[in-house]
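Everything on this sheet refers to the single structure shown next.
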């Protein structure tokens, strides 16, 4: 079933789905962002960033065209060939193994199409399931950031994790 997941560019028609994700406090706490964004604000952001080469945003569809989640590469730096990775799986689709498939698809795109050198992410220390998943996908801890983000009324530590193109491309050899 995971093989039937498709990454495609975020389109204006997907904004209602994104709006629902962005207004879920639990989801946004994992992205270290403020929830409860207005739809007008989201549309403005979409219009502002639609042609921004420093970002790639994808929605995830299953074979029936149901929206499953969102995958983003942001802060793309074409000199240093690096980008930050972010992922959201809609709550009703979590726990089905989709994240692992989508992480690998995003890494494949990053390293074989964009020819990036390094992909990094930030994950809450208090989210051991996500840390473990990222480690299984080849990410390595690069640093521990103390009280980096203010979420749910308190500051939280995060791990910065990374994977290099060479490690990803040589993983099966």
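Along the chain as shown, the residues are counted starting at 1.
Just so you know, glycine gets a Cβ as well, placed from its N, Cα and C.
Listed features, source Swiss-Prot:
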DOMAIN    5-162  domain 'N-acetyltransferase'
BINDING   28, 33, 41, 49, 50, 51, 52, 84, 85, 86  spermine binding site
BINDING   33, 75  Mg(2+) binding site
BINDING   33, 41  spermidine binding site
SITE      84  site 'Could be important for selectivity toward long polyamines'
BINDING   87-89, 94-100, 127-136  acetyl-CoA binding site
ACT_SITE  134  active site, proton donor
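Locations of recorded Swiss-Prot features on the structure.
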| residue | record | Cβ contacts under 8 Å, 6 or more apart |
| --- | --- | --- |
| 41 | spermine binding site | none |
| 52 | spermine binding site | none |
| 75 | Mg(2+) binding site | 54, 55, 82, 83, 84 |
| 85 | spermine binding site | 71, 72, 73, 103, 106, 107, 110, 119, 120, 121 |
| 87 | acetyl-CoA binding site | 69, 70, 71, 72, 99, 102, 103, 106 |
| 94 | acetyl-CoA binding site | none |
| 129 | acetyl-CoA binding site | none |
| 132 | acetyl-CoA binding site | none |
| 135 | acetyl-CoA binding site | 161 |
Validating a neighbour-count step here. Other CB atoms within 10 A of the CB of the residue listed as 'active site, proton donor': how many? 24
Do you know offhand how many angstrom separate residue 100 (acetyl-CoA binding site) and residue 134 (active site, proton donor) by C-alpha? 8
Quick check for the class: what is the C-alpha distance, in angstrom and rounded, between residue 97 (acetyl-CoA binding site) and residue 134 (active site, proton donor)? 13
Let me know the model's mean pLDDT on the domain 'N-acetyltransferase' (5-162). 91
Using a Cβ cut-off under 8 Å and a sequence separation of 6 or more, which residues in the same chain sit near residue 50 (spermine binding site)? none
Quiz question: given the recorded positions 84, 97, 100, which has the greatest number of C-beta atoms lying within 10 angstroms of its own C-beta? 84
